[in-house]
């Protein structure tokens with residue numbers, strides 16, 4: 001059940017809270033499957049069981065595909081989260097998670113989120129060892145082919161995203177309103193035991209919740225109104241974050257349309273205890289927010305003022321992502 005500490009001042013549940021619940025559901029079903037003797041709920045032929053992990057493991061989040069917030073969840077409503085494994089490769093698991101909100105006073109229900117997550121099984125004995133995943137049995141051959149295609153696409157995108165990760169956000173002195181420097185924000189967090197899995201690394205859901213908080217601050221600073229998470233582009237987890245690390249979550253505005261804002265968020269980790277390693281980029285993603293009136297109606301967004309060549313380049317890249325997403329939605333509506 002959603003409580004006041006899960007929501008913003010307008011009573012809408014934070015997007016990060018929803019993302020954390022989604023990740024917990026994905027982690028549970030993936031870990032359960034990877035530790036099963038016969039693929040858990042998925043019955044597989046005995047000859048294939050040689051692919052199952054031979055030692056206990058925990059599923060670690062590697063990537064979250066684009067997630068749309070179809071409808072807000074409000075205080076007092078019940079969030080029902082369901083997860084299903086839809087594809088397995090040799091070393092990864094694809095999980096489809098659906099979130100439905102329920103008003104327990106009226107009985108009204110609505111789908112609020114659909115997300116696809118990718119996990120890899122890490123050995124409890126050696127956290128750097130990725131184990132093999134028990135295969136699942138598909139109802140149709142087409143399901144396996146489609147899953148393999150999604151696997152190859154996300155693998156390529158993760159590689160491309162990691163290669164372009166190198167930017168650092170620097171503070172700006174006396175920035176002008178509606179510029180990138182005016183709204184950019186950072187949060188520093190010491191990773192404690194409650195943030196971590198059995199392996200001593202940060203839960204993906206904890207990281208995503210912090211990322212959503214920073215992105216929300218950036219959006220609110222830019223437009224000075226109530227804001228809500230509209231969607232999250234693919235979240236890529238490049239490297240694990242160890243307990244005891246100090247993480248810096250940074251966010252900056254990259255693009256604005258008439259009614260939406262795109263914020264780039266990345267997480268850098270500094271090993272804090274007994275680690276000679278230097279700071280590294282751990283996670284990156286793009287969050288999209290919309291501005292709302294007190295009545296919950298969409299409001300126009302102040303246009304982002306770009307000052308440097310890098311800001312102009314990022315704006316054009318953001319515009320490309322916006323137009324691509326818009327075209328996909330129109331195509332889906334026509335098909336429907």
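For all residues, glycine too, the Cβ spot is worked out from N, Cα and C.
Listed features, source TrEMBL:
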ACT_SITE  8  active site
ACT_SITE  212  active site
COMPBIAS  310-320  compositional bias 'Basic and acidic residues'
DOMAIN    1-125  domain 'HotDog ACOT-type'
DOMAIN    181-295  domain 'HotDog ACOT-type'
REGION    308-336  region 'Disordered'
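Note: the domain 'HotDog ACOT-type' (181-295) comprises 26 helix, 54 strand, 35 coil (DSSP; helix = H, G, I, strand = E, B).
Averaged across the domain 'HotDog ACOT-type' (1-125), the predicted model reaches a pLDDT of 87.
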